[in-house]
Amino acid sequence: MSSKVSTIFVVTSSEAILYLRLYAFSGRDNRLLAFLTLNFLAFTIGAWVFFVHFFRSMKYERIPVPNVVCLPTEADTRLYGALYGCYLASVSVAMITMLYIQFRKYGNLNSALMKIFYQDGVFYFMCLSAIAIANLIVNVVSGVCENTLSPVPIFTDWIARMKPEYRFLLAQPEANLHAILSTRMLMHLRKYAQREQRYGLRPKEDAWTVTGIGYSTKYDHTFRTRREGSPLRFAEDQVDTRQMGINADHEPNG
């Protein structure tokens with residue numbers, strides 16, 4: 001049971017990172033912050049309510065073997081499916097909000113940093129939506145009896161083979177994917193920011209190009225802070241024209 005509790009903590013933390021990233025994408029809009037906070041609380045509280053009811057619906061069986069813990073035998077898995085349904089709805093709302101911000105504020109995404117925000121967000125949404133939908137399907141279909149026929153004949157045998165043991169088949173992979181993708185997005189942004197700070201680089205198409213500001217003599221390449229010019233001055237070279245004339249007079253003719 002501790003694994004299920006840790007799983008929902010991981011997913012909730014990943015959702016919080018997603019909303020913070022979306023708040024940064026909006027340019028720290030306070031109105032959007034209020035909307036995101038209410039949205040996060042609503043879906044998170046709903047998910048935890050379903051989880052608590054699912055936990056209470058579980059029944060355990062004691063195993064007559066020493067040093068073996070009890071095993072869960074029954075539970076209302078529909079509540080567990082509703083839990084992941086809340087997270088799917090949360091990710092969907094976040095994706096719609098990001099699309100709205102992108103078209104309303106950034107237009108055609110001329111900024112490379114905004115492209116990274118947008119592309120990673122779309123990738124995050126597609127991956128999590130796919131595994132969440134698959135998780136819901138497995139959770140529902142695995143509870144169907146063997147003698148139940150599917151409305152679509154081609155799926156009859158497939159549904160009959162889905163045993164109740166498969167209900168949690170994709171629960172842990174979905175939680176792992178939440179954590180992996182949320183940290184991947186942050187690491188990707190940090191990697192780009194460090195490159196830009198140190199080298200003044202901008203991604204353009206498939207290559208890195210150097211900006212003029214990055215190599216300006218008045219800007220430090222690492223921290224991009226303005227600095228004063230060097231106080232070192234060189235004296236002008238003094239040319240002795242008389243000596244040059246003497247040497248020219250004594251130069252032997254070829």
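For all residues, glycine too, the Cβ spot is worked out from N, Cα and C.
Taken from TrEMBL, the feature transmembrane segment applies to 32-55 (among others).
The annotation transmembrane segment is assigned in TrEMBL to 81-101 (among others).
Residues annotated as transmembrane segment in TrEMBL: 122-141 (among others). Here the transmembrane segment (122-141) has Cβ contacts under 8 Å with residues 18, 77-78, 80-81, 84-85, 87-88, 91-92, 94-95, 159, 162, 166-171, 173-174, 177-178, 181-182, 185 of the same chain, all six or more residues outside its ends.
With a threshold of 8 Å between CB atoms, the same-chain residues lying at least 6 positions outside the transmembrane segment (81-101) that come near it are 8, 11, 15, 18-19, 22, 25-26, 32, 35-36, 39-40, 43-44, 46-47, 50-51, 54, 117-118, 121-122, 124-125, 128-129, 132-133, 135-136, 139-140, 171, 174, 178.
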